[in-house]
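Under the heading [4Fe-4S] cluster 1 binding site, Swiss-Prot lists Cys40, Cys45, Cys51, Ser280, citing sequence analysis as support. If you look up Swiss-Prot, you'll see 53-269 marked as domain 'Radical SAM core'. Positions annotated as [4Fe-4S] cluster 2 binding site by Swiss-Prot, on the basis of sequence analysis: Cys67, Cys71, Cys74.
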Amino acid sequence: MTKQTEYKRKPEWLKIKLNTNENYTGLKKMMRSKNLHTVCEEAKCPNIHECWAVRKTATFMILGAVCTRACRFCAVKTGLPTELDLQEPERVADSVVQMGLKHVVITAVARDDLKDGGAAVFAETVRAVRRKNPFTSIEVLPSDMGGVEENLKMLMDAKPDILNHNIETVRRLSDRVRARAKYDRSLEFLRRAKEMQPDIPTKSSIMVGLGETREDLIEAMDDLRANNVDILTLGQYLQPSKKHLPVLKYYPPAEFAELKEIALSKGFSHCEAGPLVRSSYHADEQVRSAKENTAEAK
């Protein structure tokens with residue numbers, strides 16, 4: 001048995017019960033009727049049934065459903081993106097009202113075809129949601145937008161409640177996992193975001209199971225803390241298709257618990273770690289915890 005086939009069968013802790021109720025079907029119909037996309041669907045998130053059916057939350061994916069990059073872990077379509085939909089910010093804001101969300105996550109495909117990386121539409125979406133939902137906290141999860149400081153500033157000036165940007169993997173594996181994104185550029189993006197808006201919590205996420213070592217993960221944690229990242233999420237990488245990178249290890253829950261303790265000892269204000277944890281998983285609880293810790297620090 002080869003190393004690649006050794007881990008084909010998912011362990012018991014990754015088997016989930018699909019809970020499809022009227023909340024789930026209702027949200028799906030609403031998204032289609034408003035021509036909106038969610039990363040929950042496009043990235044084949046394993047938590048979609050819990051979030052949609054039980055928690056009634058969703059992560060909106062703006063700027064279209066086609067990404068200009070082809071990261072080897074990601075299920076989102078790659079190709080030539082469609083034209084910008086300038087009405088999308090208002091539709092997202094209306095959907096947040098209709099869903100009654102207390103916390104919303106807004107992410108996007110990478111738009112390297114645009115000079116601003118999609119920052120203008122991203123910022124307008126934040127403002128539109130804020131106008132119509134003044135009591136809803138807003139988390140943004142952008143690409144690095146080409147590493148252009150002006151693009152990041154445009155987004156940060158819209159004053160989201162939390163800035164999330166994922167390094168996805170450890171330094172040693174970064175070029176293989178996401179060739180068109182750079183590890184150090186992502187760290188710089190996170191550092192600049194904190195410098196621009198010191199009171200806005202920053203967050204990043206790492207997938208495990210791609211061949212990283214414990215030492216690699218500790219190095220990544222140290223890199224994030226050195227750039228003042230507040231929140232860390234750690235989750236199991238799951239291969240979307242045979243075309244994507246294989247899973248080399250399934251981490252048991254106990255190992256995630258150990259990694260969480262290490263992360264908290266490094267100074268992260270909050271760490272969500274577990275086999276099915278994704279960047280937006282329990283995002284409302286993460287931002288609340290970060291703000292409480294920030295208030296205590298003051």
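Each residue's number is its place along the chain shown, starting with 1.
Just so it is clear, glycine is given a Cβ too, placed from its N, Cα and C backbone atoms.
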Three-state secondary structure, Cys67 ([4Fe-4S] cluster 2 binding site) (per DSSP): strand
What average pLDDT does the predicted model assign to the domain 'Radical SAM core' (53-269)? 92
For Cys74 ([4Fe-4S] cluster 2 binding site), the number of other Cβ atoms found within 10 Å of its own Cβ: 22
Sequence-ordered list of residues in the chain of Cys71 ([4Fe-4S] cluster 2 binding site) that lie 6 or more positions away and have a Cβ within less than 8 Å of its Cβ, or none, is Glu168, Val177, Arg178, Ala179, Arg180, Ala181
Whole-number Å value for how far Ser280 ([4Fe-4S] cluster 1 binding site) lies from Cys74 ([4Fe-4S] cluster 2 binding site) (Cα to Cα): 15
For Cys67 ([4Fe-4S] cluster 2 binding site) and Ser280 ([4Fe-4S] cluster 1 binding site), determine the Cα separation and express it in whole Å. 19
In three-state DSSP terms, the structure that Cys74 ([4Fe-4S] cluster 2 binding site) belongs to: coil
Sorted by sequence, non-Cys67, Cys71, Cys74 residues with Cβ within 8 Å of centre, [4Fe-4S] cluster 2: Arg69, Ala70, Phe73, Ala75, Val76, Thr78, Val109, Ala110, Arg178
These are the binding-site residues: Cys67, Ser280. Which one scores highest on other Cβ atoms within 10 Å? Ser280
